[in-house]
């Protein structure tokens, strides 16, 4: 040990040492990296290739260029699924963000029982999705469900048929998903709110700003990085929605709630049309990518 | 010599991907003026209403699980069962192989959590405390994959698993979920907050890198390990799509798949369905209540779920 102590500060930057260091460094990363490379990186790369192939489980893969994409663009199910996914995202993204921000603002106060309320709001998020979907499905029961009984009680003449009708099944799914996800993003907003220096608000008080002005001129601008982050995460999550829809409506009634993930599952795993389903996967990936890049751009411009 | 990234962009990217206030401990707000009584009352009323909104579905679930099928939907709504049908909680075990489902869920969750925490924290040490060529490029690749939806590459994964003969085995889901980039990312974010002087000092004392990880870094990051473990456990327990795709035989099914299949087969057995739902949620409730602060901390740090 004495020898090591005298030698260490000299630290000869020899090539052998760097190589040893790299070897040790890689040995740390390797156990995870092998699994990650084989099961994530390689499939990701392969998805790009398979999308240009005609491939099912019975015949060998064959290069077909853009055929899968042409077929996809001419397929009605694809457009319906794309439209429904966009519908879901258009409802889920803003509502979840508003609810999460509202909860965070309410729970960033100096009150008793704060811990209890935060835990409560977070709770739906960790509950198993199947249980959530099953319960809400029953709550939404058009004739006997508590929700419609409540609506009739407050005077709604003809309450919606929710998951049994094509017009109302997507709203039902969106309501359930907002209820489930808001507590999760609330935690992110809370972290953002607590990072705002208290001095800003004190200075605003001195200048005589009211609560509304403080909110618009301090809270909202200070939260911009958090909002940006939440927006990206909610967007990605929205576009890949699957479980909730499969359990609540299974894409129905008809194709009223069929989403892209489900279409990929049906074409790829059920029908074994690997090439065609990979083309849809690629389309989904590109949509998410474009949204993310656009949001990054907008965020950058606002920063400058 | 500090072990920051050779590419400043890497840290910036990691910071941008992590929520802006990462690493802050969420606290009850001890600062700022007290609320005026009128506002305080209003706030409590609002919070009570929201709490009700959160709890009503759970309450309805538990209450229905203790009813007869024909009592679940009644007009007006029966919030408390007139007669408590405890036998639902006995009968369900024979109606569906629920015990097998629970065992499968537990086995998968524990195995995947263990592997994810182990390989994730190990790799995070390499990414944060070691310095070598190619490290930062590799880390960027890790981060980038987190933003790619799983649906984009699940088909090639499935083909690989099919060729390896692993479809319809537990091993397939273990392999798919144990080596995620998420654990590496979460642990690295924590490790970056530990001063490098600590590992430097240990090196001077003659500890090799593996012992530094085991003796110094791991004990220091117990809360992070707990966060990662809990997040991974819950997301594996609740996972639906993975087991749905890979497990076709009944004896491999998890609670989620088993419950969904029960609903599909006996869609009029409302009470029993709710009983199954309650049982599927109980393990998660226990895990959550035991470690809720680690959950919230883990999310506030990484901004991601497992």
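Glycine is treated like the rest: Cβ placed from N, Cα and C.
Annotation comment: TrEMBL describes A:82-295 as domain 'ABC transmembrane type-1'.
Residues or ranges marked as transmembrane segment in TrEMBL: A:21-53 (among others).
Sequence annotations record features per position, and here TrEMBL assigns transmembrane segment to A:86-107 (among others).
Below 8 angstroms of C-beta separation, residues 103, 107, 146-148, 162-163, 172, 175-176, 179-184, 186-187, 243-244, 247-248 of the same chain, each at least six residues beyond the ends of the transmembrane segment (A:119-140), sit close to that stretch. The transmembrane segment feature in TrEMBL is assigned to A:119-140 (among others).
Counting same-chain residues at least six beyond the ends of the transmembrane segment (A:160-179), those with a Cβ under 8 angstroms from any Cβ of the stretch are 84, 87-88, 91-92, 95-96, 99, 124, 132-133, 136-137, 140-142, 145, 147-148, 241, 244-245, 248-249, 252-254, 256-257. Per TrEMBL, transmembrane segment is recorded for A:160-179 (among others).
Per TrEMBL, the feature transmembrane segment maps to A:228-248 (among others). Packing against the transmembrane segment (A:228-248) from elsewhere in the chain are residues 85, 88-89, 92-93, 96-97, 100, 129-130, 132-134, 136-137, 163, 172-173, 176-177, 180-181, 185, 188-189, 257, 259-262, 265, 284, 287-288, 291-292, 295, 299: each is 6 or more residues past its ends and has a CB under 8 Å from a CB in it.
The transmembrane segment annotation in TrEMBL covers A:274-294 (among others).
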